[in-house]
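*Asks:* Below is one structure. I have some questions about it.
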Amino acid sequence: MAKFQSFSIALLVCVIVSNHIVVDANISKNMAITWGNSRSKIEGDSLQLVLDQSTGSGAKSKRDFLFGSFEALIKLVPGDSAGVVTAYYLSSTGSAHDEIDYEFLGNVSGQPYTIHTNIFTQGVGNREQQFRLWFDPTTDFHNYTIHWNPNAVVWYIDGIPIRVFRNYEKQRIGFPNKQGMRVYTSLWNADDWATQGGRVKTNWANAPFTASFRHFRPRACYWNGVASISQCAAKSPANWWTSPAYAQLSAPQLAKLNEIQQNYMIYDYCKDTKRFNGQMPPECYRRQF
């Protein structure tokens with residue numbers, strides 16, 4: 001398993017050191033349901049989100065963070081999940097917000113889920129990459145991790161990197177490093193776009209739809225206001241994410257990343273020349289990994 005995953009070592013308590021958090025407490029201590037379906041619930045280390053025709057549901061972390069690693073075990077909606085979206089993401093607030101996304105787009109029975117990833121800086125997104133999953137994400141829990149440090153954002157599935165977005169701020173390319181973000185999860189109806197461009201609608205006869213979460217583990221720096229911008233980025237033993245070991249992927253990780261992108265990527269905004277009329281975003285000309 002990738003070294004970014006090695007920190008999921010079971011502890012019995014939540015240990016707080018300075019402005020950093022090392023968590024292995026249950027979900028009920030780290031997250032709260034914030035909207036939606038009354039059948040959604042948190043019990044110990046388990047979160048269940050529910051969607052029916054009346055409403056979806058969502059939860060968020062109780063703290064904001066700047067840099068670190070955010071992992072959760074997720075089991076997606078089984079069966080005919082067309083039109084249904086399960087989201088797991090980091091976000092700040094406001095019109096100039098930062099955001100790092102995982103969205104899982106449901107499909108008709110027997111068809112693979114689509115993994116939709118995106119990143120926003122100062123309110124600007126349009127940096128989508130999409131993948132087909134190489135396993136059934138509805139029969140068991142799988143680990144989805146966002147690793148975020150001053151050098152890059154890396155998306156992992158079961159310890160395998162699938163995408164990297166590097167920091168080219170010195171070249172005037174936006175990077176999320178000045179706003180604290182919370183972790184959000186949600187389950188909602190998006191049948192106007194989610195499945196085959198909105199052609200396949202949600203089958204409400206299959207409701208209620210349920211997505212399950214376990215083992216939410218932020219190992220990250222607390223956001224305590226603007227002072228955290230320098231504190232959380234400082235190179236120190238406490239800020240483990242700033243270690244040179246986490247500055248770039250290892251050779252085996254790069255090999256896995258290339259394999260996933262070659263075999264399972266179905267959309268890359270950097271290859272969509274029609275969308276941008278040939279004026280590609282500047283990061284598309286930069287090495288990402």
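Positions of Cβ are set from backbone N, Cα and C atoms, glycine also.
Pulled from TrEMBL, these are the listed features:
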{"type": "ACT_SITE", "residues": "E99", "note": "active site, nucleophile"}
{"type": "ACT_SITE", "residues": "E103", "note": "active site, proton donor"}
{"type": "DOMAIN", "residues": "1-213", "note": "domain 'GH16'"}
{"type": "CARBOHYD", "residues": "N107", "note": "N-linked glycosylation site"}
{"type": "SIGNAL", "residues": "1-25", "note": "signal peptide"}
*Asks:* Determine the Cβ neighbour count for E99 (active site, nucleophile): the number of other Cβ atoms within 10 Å of its Cβ.
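*Replies:* The Cβ of E99 (active site, nucleophile) has 18 Cβ neighbours within 10 Å.
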*Asks:* What is the interatomic distance between the Cα atoms of N107 (N-linked glycosylation site) and the residue listed as 'active site, nucleophile', given in whole Å?
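*Replies:* Taking the Cα atoms only, N107 (N-linked glycosylation site) lies 25 Å from the residue listed as 'active site, nucleophile'.
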